[in-house]
Amino acid sequence: MEFLQGQRLETTLAVAAAVVAVAAGSAYLFLRSRKPRGCLDPENFKEFKLVEKKQLSHNVAKFKFALPTPTSVLGLPIGQHISCRGQDASGEEVIKPYTPTTLDSDIGSFELVIKMYPQGRMSHHFRETKVGDYMSVKGPKGRFKYLPGQVRAFGMVAGGSGITPMFQVTRAILENPKDNTKVHLIYANVTYEDILLKEELDGMAKNYPDRFKIYYVLNQPPEVWDGGVGFVSKEMIQTHCPAPAADIQVLRCGPPPMNKAMAAHLDGLGYTKEMQFQF
């Protein structure tokens, strides 16, 4: 009898241990598969601390903001942006959209590359912001939603700081080994010094030569220059972007006059409204 009772006890303990192991394994898999909750609020501004400010040129700086914990993610869908709130030189409130250059794979912080214009109202706020200060941020915002493989190829036409949403989308595509989407980017600026994120863009072109092509255009190029000259033309788009097709899309982002001109070029080349998107 004692032997049978001992056997029953051992069996009960073994079953209990197995149940605990299965439960622990299930919890581990659940936690691993669960997407981290983002830090953004689409309705209310939240405060994020500036932990690093790096001057990239006389009027461009990279701002790094900490998230609540080292493993936190911003929670910004690919192709969408945030709204930043600050004060202009007169003390008036100003709100402006910006696209981070980081992705949710960059945990613990997010970065903004900001071009600060002399008369820009939000530019003033960024110029005055120091490490340790807080930035009011709300989001996500935007109409663009990207899913891997939704198109065969993207054409992109960007001007100036309009490169940031293109950079974000391109990074997400290239860093996803399951995404075979090709990207063809035309990036226009006034001078060579105005080119934002050039080192990063050239690095992506070098590391993913079959998936990412970039063509720079300058209005005032240096003496030695092998890119485009002047404004982005219809011929440049025809040469460097994928031809009109049901499985491609051309994204554009730049100053209003440029966006208007690019829309006219694309219409003239036969790209339908469904094949175009403006950030």
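Yeah, the Cβs are placed from backbone N, Cα and C, and that goes for glycine too.
As annotated by TrEMBL, transmembrane segment applies to 12-31. The annotation domain 'FAD-binding FR-type' is assigned in TrEMBL to 43-147. According to TrEMBL, the FAD binding site annotation covers Pro97, Tyr98, Val113, Lys115, Met122, Ser123, Thr164.
In terms of local Cβ density within 10 Å, Thr164 ranks first among the binding-site residues Ser123, Thr164. Excluding the listed site residues Pro97, Tyr98, Val113, Lys115, Met122, Ser123, Thr164, the same chain places Cys84, Lys96, Thr99, Leu112, Ile114, Phe126, Ser161 with Cβ atoms within 8 Å of the centre of the FAD site Cβ atoms.
Taken over all pairs of the listed FAD-binding residues (Pro97, Tyr98, Val113, Lys115, Met122, Ser123, Thr164), the Cα spread reaches a maximum of 17 Å, rounded to the nearest whole number.
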